[in-house]
């Protein structure tokens, strides 16, 4: 919306700054953070009143988690509100990548909201059918992948190679849908401790904001010899809003958390990250930058698969952050150490932009 005012720069030279993606990214970050920070307390109070007992605590979880009983969930509503309002103010609303990313984020958020609603109302840690949830997620992700295919290429880039795409043809749709759904659920599995998921999400969002900006700028893309994707630069503004909203949410989610993100937030943010990775052709780099999410997801896959085969467990508890809690790490130790890992992995992922 604010981009519109840049057309009056002949009369008001100062508004020309709205043309710049870098300025609007910072502005979106500050706007979304302020919205979440200001309206957070009232949203938390409303959710606490409506939810009563709050999010159910896993009976087989660490004993220290039972003191969290009564903490409201669906905190993703705060995050999504900040992102959407800020995005509509600062993003280029004619950009198709913006709308595709918003479609996935809000659709995944709605799926997560319904899952949270069932958990709270039924007071169980099980939401609605996993198959039904995955089916809905794949449906939304496939639509997004189809749209991206229509406006771009069917390829994905390999790290360390100069502007080289592996073209998938129509297989691009199921491949991209898998990336989006897998990322959404990986972030969802990571969201198990106070502040654990939101900081790695912000780290990944900031990293992909840079990637989106570079991929969408012909000069930078040519200099770095990465694939140029016209229009993706605008995703940096949207991801800036994610970072700002995440900072605002962390104020309330820091231990001891006043609110949990819930599936409402984790699915939405993960789905958004996956969509941006697909749009910028950096799906493989997402595995590096979002490596913490990958490890969390694979720990569950390994645990479930091994248990079905042997009736034994590889980890004391999955996802893997609970394993370290069972090993004697405090919650703060797990969270901060996982934050450090996510930052290191992001730096490794970003280094691939230059190492070609």
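From the backbone N, Cα and C atoms, a Cβ is placed for every residue, glycine too.
According to Swiss-Prot, the transmembrane segment annotation covers 25-45, 70-90, 93-113, 138-158, 164-184, 195-215, 235-255, 258-278, 284-304, 333-353, on the basis of sequence analysis.
Long-range contacts of the transmembrane segment (164-184) within the same chain: residues 104, 108, 134, 137-138, 141-142, 144-146, 148-149, 153-158, 227, 266-268, 270-271, 273-275, 277-278, 281, 283, 286, 290, 293, 297, each at least 6 residues beyond the stretch ends and with a Cβ under 8 Å from a Cβ of the stretch. Of the recorded ranges 70-90, 235-255, 284-304, the transmembrane segment (25-45) has the largest number of C-beta contacts under 8 angstroms with 235-255.
Contact count against the transmembrane segment (70-90) (Cβ pairs under 8 Å) is highest for 258-278, out of 138-158, 235-255, 258-278, 284-304. Distant neighbours of the transmembrane segment (195-215): 21-22, 25, 187, 221, 224, 226-229, 232-236, 239-240, 242-243, 246-247, 249-250, 253-255, 257, 261, 265-266, 269-270, 273, 276-277, 279-282, 285-286, 289-290, 292-293, 321, 334-335, 338-339, 342-343, 346, 349-350, 353; these residues of the same chain sit at least 6 beyond its ends, with a Cβ under 8 Å from one of its Cβ atoms. Below 8 angstroms of C-beta separation, residues 1, 3, 74, 76-77, 80, 83-84, 87, 133, 136-137, 140-141, 143-144, 147-148, 151, 180, 184, 188, 231-232, 234-235, 238, 262-272, 274-276, 279 of the same chain, each at least six residues beyond the ends of the transmembrane segment (93-113), sit close to that stretch. Simply put, out of 235-255, 284-304, 333-353, 284-304 has the most Cβ pairs sitting under 8 Å from the transmembrane segment (138-158). Within the same chain, residues 159-160, 193-196, 199-200, 203-204, 206-207, 210-211, 214, 224, 226, 255, 285-286, 288-292, 321, 324-325 sit at least 6 positions outside the transmembrane segment (333-353) and bring their C-beta atoms closer than 8 Å to a C-beta of that stretch. With a cut-off of 8 Å between Cβ atoms, the residues of this chain six or more beyond the transmembrane segment (284-304) that come close are 156-159, 179, 182-183, 185-187, 189-190, 200, 203-204, 207-208, 211, 270, 273-274, 277, 313-315, 318-321, 323, 338, 341-342, 345-346, 348-350, 352.
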